[in-house]
Amino acid sequence: MTSVAKSFWQILLAQGFCLGLGCGCLFIPCVAIIPQYFKKKKAFANGIAATGSGVGGVIYPIMFRQLQLKIGFAWAVRVLGFVSLATLLVACCLLKIRFQPTEKRALIQLHAFKDPVYTLFCIGEFIGFSGLYNTMVYIQPYAIDNRIIGEHLAFYLLAMLNTASSFGRILPNYIADYIGPLNVIGPMAVISGILGFCWIGIHSSGGVIALAVLYGFFSGGYVSIPPIVIMNITPDLRDFGTRLGPHLLARM
């Protein structure tokens, strides 16, 4: 749909609504299924799975840029779509529910919000994610508009950020298995916020690159750990998936 879009509303429909709906339908079951296969190191396993997002954030922009120069925007988008289709087919074939539910479960459990711990965590995530992606979205135009670095190097800032994010999704999750996810996600959130304020005083190429790498690492930890927190504060793990959905909605 994006490859044939001619107006803003068509791009909004394709990239905003359809892509968002599809990603949501894929993401929640995957996150809910992974812990079923691990008795220990669940956070670490979740972190390894989450690195796929960071790796994709490195590969796809670079691939799109090179393809766009050679075959144009429309076919570049189509090629990326075919690559996504191929990789997702593999994932869908490999993902299997390990423990089949013995009874029907409610699709939405509003009574979960009667749990103050769950509710406060969702509110905290809503506040945290309200500003989390600002750096990821605006670091490139900031560097170009202020003539800090050239357009060519600025393009790779996002790749640097996502590379660091991949490592940030592994190490903090590994530590979370030993000291608890809440004890890790707190520092990750605080440091990410501090780095956001540090951005105000950065006016050099080295500073912008350092910001991209550091912010990618710490925000990667902050993004990937919440499902493990939800799992730990869910009394009945059969409700993990239904509790994960509203939480992810809160942090949109």
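Just so it is clear, glycine is given a Cβ too, placed from its N, Cα and C backbone atoms.
Listed features, source TrEMBL:
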TRANSMEM  12-34  transmembrane segment
TRANSMEM  43-63  transmembrane segment
TRANSMEM  75-95  transmembrane segment
TRANSMEM  116-133  transmembrane segment
TRANSMEM  153-172  transmembrane segment
TRANSMEM  184-202  transmembrane segment
TRANSMEM  208-233  transmembrane segment
Folded-back contacts onto the transmembrane segment (12-34), same chain, C-beta under 8 angstroms, at least six residues removed: 1-2, 5, 42, 45-46, 49, 88, 91, 95-98, 227, 240-241, 244-245, 248
Same-chain residue ranges lying at least 6 outside the transmembrane segment (184-202) that approach it to Cβ under 8 Å: 128, 131-132, 134-135, 139, 142, 168, 172-173, 175-176, 208, 211, 214-215, 218-219, 221-222, 225-226, 229
Positions whose Cβ lies under 8 angstroms from the transmembrane segment (75-95), at least six residues beyond its ends: 2-3, 26, 29-30, 33, 60, 63-64, 67-68
Beyond the flanks of the transmembrane segment (43-63) by at least 6 residues, Cβ under 8 Å: 30-31, 34-35, 37, 79-80, 83, 155-156, 158-159, 161-163, 165-166, 168-174, 176-177, 181, 216, 220, 223-225, 227-228
